[in-house]
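Trainee: Please read through the structure below; I'll follow up with questions.
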Amino acid sequence: MGKRSRQRKKEHQNNSKPGGRDNRDNAGWGAGYADIIKENKLFEAYYQELGLVPEGEFDQFMEAMREPLPATIRITGYKSHAKEILHCLKNKYFKEIQEVEIDGQKIEAPQPLSWYPDELAWHTNMSRKILRKSPLLEKFHQFLVSETESGNISRQEAVSMIPPLLMKIEPHHKILDMCAAPGSKTAQLIEMLHSDMDVPFPEGFVIANDVDNKRCYLLVHQAKRLNSPCIMVVNHDASCIPRLQIDTEDGHKGTLFYDRILCDVPCSGDGTMRKNIDVWKKWTTSNSLHLHGLQIRIAVRGVEQLAVGGRMVYSTCSLNPIEDEAVIATLLEKSEGALELADASADLPGLKWMPGVTKWKLMTKEGQWYKDWSEVPANRHTQIRPTMFPPTDTEKLANMKLERCMRILPHHQNTGGFFVAVLVKKAPMPWNRRFPKVHTHVHAGEDSEECVCSDSVLCSRPPPNKKMKRHGFKEDPFVFLTEDDPVFPPIESFYDLSPDFPKINVLTRTHEGKKRHLYMVSKELRNVMLNNSERMKVINTGVKVWSRNSDGEEFGCAFRLAQEGIYTLFPYIRSRMITVSVEDIKILLTQENPKCFMFSSSVSTGMGSIVLKFRPDNSNPDGPQCPIELCGWRGKTSIRAFVPRNERFHYLRMLGVEVFRDKQGQGPREEEKEVKEEVGEGETENGNKDGSAKQELKEVKIEVTKEEKPL
């Protein structure tokens, strides 16, 4: 493909979606689009007239909208080494950055987001260009990229972090993310579910949905970084996402209702102008008018599937009341008291936001204003709907408490623009109380909510016996193993698995032939999958725990441990364990095939797959203060670690060893040595290497201190 063709394809991909949903989560490091003029008179006239910005602040608001968006990072909070990463950032990279000068000016050090708990989110004004102007900043950038790929850091826009925090996730919650791609918020939800790392299978789960098949694979990539058995990615139209069945504790079939739902809908995205610069020239009021109906349909489908007592967070990156308060008011009015807006004002101390508005009006792209539905001419009734206006009943409007909605303005805390509202379900939706149950064979408990409302904001689900049309990539089947599957005895014996190991949670992706990989899902996700194979299109689920390795058969087990699933499996493994020291891990991660005699620990375990276990020494505050479990292979005279590249780098950093790629054309410094790393992503099915990892990583350098040089 020629250069021009590639450029045209890239531009098409960048411009194929409205500005709001696609790139909101992944804030860029500095802005491009230098040729786009950041002016839109219609936008300014519209928001000035609406009065959403406090008096006297509109110029500040517009000035902030024209400034590049700060880059923000979030440290993965549930992993036990989050504190180690934070310590590394604050005491190494951020301190070094303070000493850097670019073009005669000192670099402003990153700052924590004041409202994000435990200093786990930070923002910086450094652009990509600046990051590449200094070796120290380049190393910081490489650190961010590497830790992002290994799932320990997410580069995510600050306002995008707000909705999951307001959901108040607990480990037992069943969670639905309705419009999830690209997945940064989904990752937050998974983290909160795993708040206790000592529990390998939380009772809850996250079902992450997106209507776009290709974008579902972005979700898969995000989810896989977190190595959770409690995430499932599905591909459906959120406005008609199917009702799922589950087996209840009393042995009946029941309807699945979610404890928490994230309804982050497609929107016009005018809050993203600081990052998605092309929104400036594309913005028009028509965008909001076209999306309003879809937003209502998605939100209605969400509250239908919400459990009584549950919370649904509705959010957009649009500042427009047509997409924000108008949707919330419609939901509240149609709910007839079943829903109420929660007061989230105290949930995020330090976050500055504006209360929701109770008055707004509508403007066409020609500049025509309408204050009420009665003013709209008949020829406009197909584009403009009554639900776009505030309720006319003043008492009903007051009872909605729309001021509990939260609008984040860019100039208040140097962020993007955003809107969020928290809804609590007090009772079943009224149309489900008035209409008979659609499927009488389903035991639905207190609340049988199928799409049966005749209102135009709802849609009906196809009958369950109709075969679902499947588009996009064809997925391999998900096949659960039975407890007496012949694959288990050698695995149980070799790893001395504890009796409570949940064999029925193990699945594979093939009906026939040898099983190449074994995966695990949580008990409740298994329940969902077994009861809904014809209802939902599953793109991916589970975490890989074992991979076939033919060399292992002669040692008693054809399956070696997979690093992705070690945190899930570890509590059940009672043998094949080698305790290692800090120095042992450095040897394992910087040498290709270190000999057994080089280790300080006993390596008397027999040949085959092993677990390398490190436990922190409380008497040594300079050492890592988090436990580490690595998968490895015990050969006849040597041991090697089966750890993917970026995780390998991550653990080395936790041990105080600096890792970075040398710039092309530059040789290593005196204090550096080259490490040719072969184990990891280049691994083939039988455990041999295909050479690609070696080629890819030959430019990687590991910087060591004098004391570490003997390694």
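Placement of Cβ uses the backbone N, Cα and C atoms for every residue, glycine included.
Straight out of TrEMBL:
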ACT_SITE  Cys317  active site, nucleophile
BINDING   Cys179, Ala180, Ala181, Pro182, Gly183, Ser184, Lys185, Asp210, Asp237, Asp264  S-adenosyl-L-methionine binding site
COMPBIAS  1-11  compositional bias 'Basic residues'
COMPBIAS  663-679  compositional bias 'Basic and acidic residues'
COMPBIAS  686-711  compositional bias 'Basic and acidic residues'
DOMAIN    61-426  domain 'SAM-dependent MTase RsmB/NOP-type'
REGION    1-28  region 'Disordered'
REGION    663-711  region 'Disordered'
Trainee: Hey, how far is Gly183 (S-adenosyl-L-methionine binding site) from Cys317 (active site, nucleophile), Cα to Cα, in Å?
Mentor: 15
Trainee: Please give the S-adenosyl-L-methionine site's span as the largest CA-CA distance among Cys179, Ala180, Ala181, Pro182, Gly183, Ser184, Lys185, Asp210, Asp237, Asp264, to the nearest whole angstrom.
Mentor: 20
Trainee: Determine, to the nearest whole angstrom, how far the Cα atom of Lys185 (S-adenosyl-L-methionine binding site) is from the Cα atom of Cys317 (active site, nucleophile).
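Mentor: Cα to Cα, Lys185 (S-adenosyl-L-methionine binding site) and Cys317 (active site, nucleophile) are separated by 13 Å.
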Trainee: Count the other Cβ atoms sitting within 10 Å of the Cβ of Lys185 (S-adenosyl-L-methionine binding site), across every protein chain shown.
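Mentor: Excluding its own Cβ, Lys185 (S-adenosyl-L-methionine binding site) sees 28 Cβ atoms within 10 Å.
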Trainee: Given the recorded positions Asp237, Cys317, which one is most crowded in terms of C-beta atoms within 10 angstroms?
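Mentor: Checking each of Asp237, Cys317, the winner is Cys317.
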Trainee: Roughly how many Å separate the Cα of Cys179 (S-adenosyl-L-methionine binding site) from that of Cys317 (active site, nucleophile), to the nearest whole number?
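Mentor: Approximately 13 Å lies between the Cα of Cys179 (S-adenosyl-L-methionine binding site) and that of Cys317 (active site, nucleophile).
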Trainee: So if I draw a 10 Å sphere around the Cβ of Cys179 (S-adenosyl-L-methionine binding site), how many other Cβ atoms end up inside it?
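Mentor: Cys179 (S-adenosyl-L-methionine binding site) is surrounded by 25 other Cβ atoms within 10 Å.
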Trainee: Pick out which of the binding-site residues Ala181, Gly183 has the most other Cβ atoms within 10 Å of its own Cβ.
Mentor: Gly183
Trainee: In whole Å, how far does the CA atom of Ala181 (S-adenosyl-L-methionine binding site) lie from that of the residue listed as 'active site, nucleophile'?
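Mentor: With distance taken Cα to Cα, the residue listed as 'active site, nucleophile' is 14 Å from Ala181 (S-adenosyl-L-methionine binding site).
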